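Take a look at the structure below.
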Amino acid sequence: MNPYDNRYSDAASFRGRRSDFAGSIPPPSFVSRGGAVPYGAPYGVARPNGFGSAPVTPVPPFVPPPGGFSVGRGGGRVGNGHVSDRKYDVGRGGGRGRGGGGGGGSSRAGAHGFRGSGRGGRHGGGSSRDELNNIALPKQDFRNLVPFEKNFYVECHAVRAMSDQEVMHYRASREITVQGQDVPKPVRMFHEANFPDYCLEVIAKLGFAEPTPIQAQGWPMALKGRDLIGIAETGSGKTLAYLLPALVHVNAQPRLAQGDGPIVLVLAPTRELAVQIQEEALKFGSRANIRSTCVYGGAPKGPQIRELRRGVEIVIATPGRLIDMLEAQHTNLHRVTYLVLDEADRMLDMGFEPQIRKIIGQIRPDRQTLLWSATWPREVETLARQFLRNPYKVVIGSPDLKANHSINQIVEVITDMEKYNRLIRLLKEVMDGSRILIFMETKRGCDQVTRQMRMDGWPALSIHGDKNQSERDWVLAEFKSGRSPIMTATDVAARGLDVKDIKCVINYDFPSSLEDYVHRIGRTGRAGAKGTAYTFFTHANAKFARDLIKILQDAGQVVSPALSALVRSAGSGSGGGFRSRGRGGYGNRGLTSGSNAIPLGSKRPWQCL
């Protein structure tokens, strides 16, 4: 749909516009206790009401208001029979790049967090990007601040006994690079970090054998109370690297009083990542009566407001919805002394920088700040230089873009016409009940492929920016449980999605940046497991060939002759790197929508494999 549809201003075009969205609307058919109602009875004829014989007053035909419709700026979509103003989702910052519209054609749905129900300004999902940028939060007075404790690190005897040679060998064997003054030695076992017993009990129950490299070096740094920059690939354990020190930090602060805001604030780019962070926080925090809540757009504000007013020590939030809460004075950041910016590169890529600056301006300057990222572009470096003081820096592996070495990467050069048949052959080869994640570049393509797969009998469900929050939660639950072992997605699931046992990732469409490629395939091969990533690469993607080959070679992968040949056809240009994103469409309102509502075909080929 053209977002600026001139028919909106034409009052006489209501019927035509209505049919655009809803198609032809058959007259309702009710069955009353007195018998069936004739199908398509005309207006003006009394009808049984379904509960007896009393007639129902006929509904008069629609009469448009004089002067046409006032639609404000931009267009809208019909949801539950009404036209809503076009809004940005507050679960993201409103990308600065390509535009996108309702139908999902070329817009990158998942790249910017989620859009769903709850749209429509203050009464719905939240504010537009322009409104968020124009919100003026009250200026804070940071004079006469009450001091607080933030250095809790007590070096274990075994760690203290490590020689410089042993420390160098440990870091080198795990590709740990550190910068900063007075960098603490890494911890090799969980108990060496001196976390409370309840943390160690949960860790043991989860079955972790030893800290990951980012945890081994990051925990002592965070516990010392210094600012910290952590650079590590997805699936490396960054979440626990900042959450466990956060619990220690909370326990050392005075208890919350009535009206106090949180002590720990975690900012995340997407709703799904925020929800998953809270799941980890609940595993550990519930044992110490540390309360946490998740604040994100696309969900009703009421429950989030009640949690904030009740008082929580930890808030995990997307920037847009948090600014809405701060403006409405449902919470404040006066007590925040531990700030986490998770997936900082992603937040800047999505256009969150103005919101991040506005939020940080509400937090006391002597806070402890931890910035975590998978890459280290110039934008993230600039942000860190401005908001972190004398930070430690720990890098796992190379700060350059690289893929997880535990993932077997297979790139096939094919045409667009060959993709679907190749996908079906591939599914027949790899489908054994394990989870398979398929990435598409557009919402429309995601729905089209999912619809065809379901008609062909493959148990696939889709998730993208035009699905509302309840449907996305349901699709994820079906995928995680294995009831629907195939999930198609736009980049809404490329980061933060932590699902165990994803056997393989299939890039049906190549993404618009190498950064997204790395994060897509990073959904498999997590936490030391092995995984496989298949990528369908077309001549239209040739500009990415050179940088993709470098990523493959750095990870020790085989480069096909067909892919190498594309480098020559693409010339010397480079297509990868860090880039801005556009915006997507609008949330559907039903429990399931579009392709997810298609019944499975009768062939069920996967059950015969």
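Yeah, the Cβs are placed from backbone N, Cα and C, and that goes for glycine too.
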Among ranges 1-27, 460-486, whichever one TrEMBL labels region 'Disordered': 1-27
Per TrEMBL, the range holding motif 'Q motif', considering 188-216, 536-564: 188-216
Structural state census, the motif 'Q motif' (188-216) (DSSP three-state): 18 helix, 0 strand, 11 coil
For the domain 'Helicase C-terminal' (422-567), residues assigned helix / strand / coil by DSSP: 69 helix, 26 strand, 51 coil
